Amino acid sequence: MLDFFTIFSKGGLVLWCFQGVRGPAAACTAPVNALIRSVLLQERGGSNSFNHEALTLKYKLDNQFELVFVVGFQKILTLTYVDKLIDDVHKEFRDKYRNEFQQKGALGLLNGTFDFKEDFLRLLRDAEESSKARAPTAMKSFEQSAKSQKTVKSMIENRGEKPKEKTKNKKSKGSKKEGESVLQYASSRPSTAAVKQDPPVAAGDREELTKDEILQKNREEFFRKHMKGGEKSNKSPKPDTQKDKGKKPRVWELGNSNAKVLDYSNSTTNGNTDTCPMEEYDPEMVRSPVLGDRNREPGRLRDLEYESEEEAEEEKVVQNSSGASAKKGGLGGMFGMLKGLVGSKSLSREDMDPVLEKMKDHLIAKNVAAEIAVQLCESVATKLEGKVMGTFTTVTSTVKQALQESLVQILQPQRRVDVLRSVMEAQRHRRPYVITFCGVNGVGKSTNLAKISFWLIENGFSVLIAACDTFRAGAVEQLRTHTRRLNALHPPENHSGRTMVQLYEKGYGKDAAGIAMEAISYARNQGFDVVLVDTAGRMQDNAPLMTALAKLIAVNTPDLVLFVGEALVGNEAVDQLVKFNKALADHSMAQTPRLIDGIVLTKFDTIDDKVGAAISMTYITSKPIVFVGTGQTYCDLRSLNAKAVVAALMKA
């Protein structure tokens, strides 16, 4: 039984609505609004179903008249006729009010009255009856099966004989070995040997030949074809040149004969081996390897940039050269340009399939997960199917533009995380703002935590780092080194005697959730603005460690949970995020479990234009990428520029 069926325009105007369950008229409002927010506005139309609480919603888009058809029913019900019903209603409604839409346009939607109840009930009745009319498929009897057609003789296997399929496979494998033996045979024979050519065998004689004779004849033909190549290779043999071996082992003698060789204290400057003079202490020279860019603005998080000016100039040169060649092409170039144009017609799946297939392969090559690439192309096809094209518009350019718009929309999810604003809000309530970092092993959680600490300090906030990675050897020492460097860059005397960064650690082998709780309490008492909780790296399949992480988040309720992931991963990104979210939901005892709030994408400087991991992660979680790590210094932290990432992704 259906809960509701509604038809509305993409502008938000409800044209007609049917309620199958008694209740307030606004019962379908919340599910439909959730569908619009989470699917239609976020360009996630790859699937035609959406779950909201206890309801399942199925929808269909009409891109020609900008209409949306939505049906809702209980999730526990299995209604097989829903897909047929929504297709029939879509066709009937379009055909009935086509003239009104075409003549009046938007005014037709505002002033029109749509009396569609009787037609809908008739279509619903037909769909229900058609689903009942289908009889369950009966099991075949033995007489109807293929096994009953076999004779007893065909099923008897004698000793030594093998099934036909296996012998065929072995024959194909054996042919390779025979080919190799023939080549060896050809090389062993003298090159002056004359080859006698047998007369061609008639079709009737060939049938009378035995298997051994056919095999021998095939060998002779193979040898005849490859004999000339073997003679040429024998005439010009290349002398074997002995290559010098690699490194020679160093001889260690008692007299220290290699002492001068091992003395690396002298450095080469301008080709001369002179001793390097001791430089005077320059604080700027000490700061530069840690901070990187000297011309930076303190506290500002710059946008991610992709194309340099040199690359843009190179592209201009290529475009100019291609333009010149097009002018030379004459009429051929003109007809080639007009060949792909579409003249005011509606797009169909057949038109888009070749272009979408190329787009899918392109996205996968750019490191987008294969599953996500398929869903993106399906979403674009759903969005464009039935849409009327302009006169001078190609299918490729239309599909590419629609995909580009979808990708930009995906990289700008519903919730925007503004860390500085949230920290100031927490300051007004006199409590620390808590950020927890989680992720798999070796993605750079501690390093990017130090970068975010430096960014927060430059914006005037004091930071307490909680060392909750009590498992990995050297984790606490790594954070201690970062704390010492950050304090050297921002000493207390520059901040009115206030320590801007401090490490809270209890060593190894302790309970991480307990350490985080103590660190938050200590930060509240000491007046720290932000607490950054570093956790141990864990694989998404490790159930005990995932339980410990869920406990840490459930007990301490941080303000922000950031998943740290590499930009190098492809399909693995989907698996990591899905399982991290699932583990946090399963192991949480709260009614509304706490999941990942945002993403930190690391090692972005190592991937060139293969930026697909950003798309995969945001598509799976619907959460924003808050920070992007682009290097090894404290200043190599960026905010995501969606248009730059999409431009790099779409670049051929």
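Including glycine, each Cβ sits where the backbone N, Cα and C put it.
Quick look at what TrEMBL lists:
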- 132-280: region 'Disordered' (REGION)
- 142-152: compositional bias 'Polar residues' (COMPBIAS)
- 156-166: compositional bias 'Basic and acidic residues' (COMPBIAS)
- 204-244: compositional bias 'Basic and acidic residues' (COMPBIAS)
- 255-275: compositional bias 'Polar residues' (COMPBIAS)
- 305-325: region 'Disordered' (REGION)
- 624-637: domain 'SRP54-type proteins GTP-binding' (DOMAIN)
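Within the model, the domain 'SRP54-type proteins GTP-binding' (624-637) carries an average pLDDT of 90.
Residue counts for the domain 'SRP54-type proteins GTP-binding' (624-637) under DSSP, helix first, then strand, then coil, are 0 helix, 6 strand, 8 coil. The residues of the compositional bias 'Polar residues' (142-152), classed with DSSP into helix (H, G, I), strand (E, B) and coil, number 7 helix, 0 strand, 4 coil.
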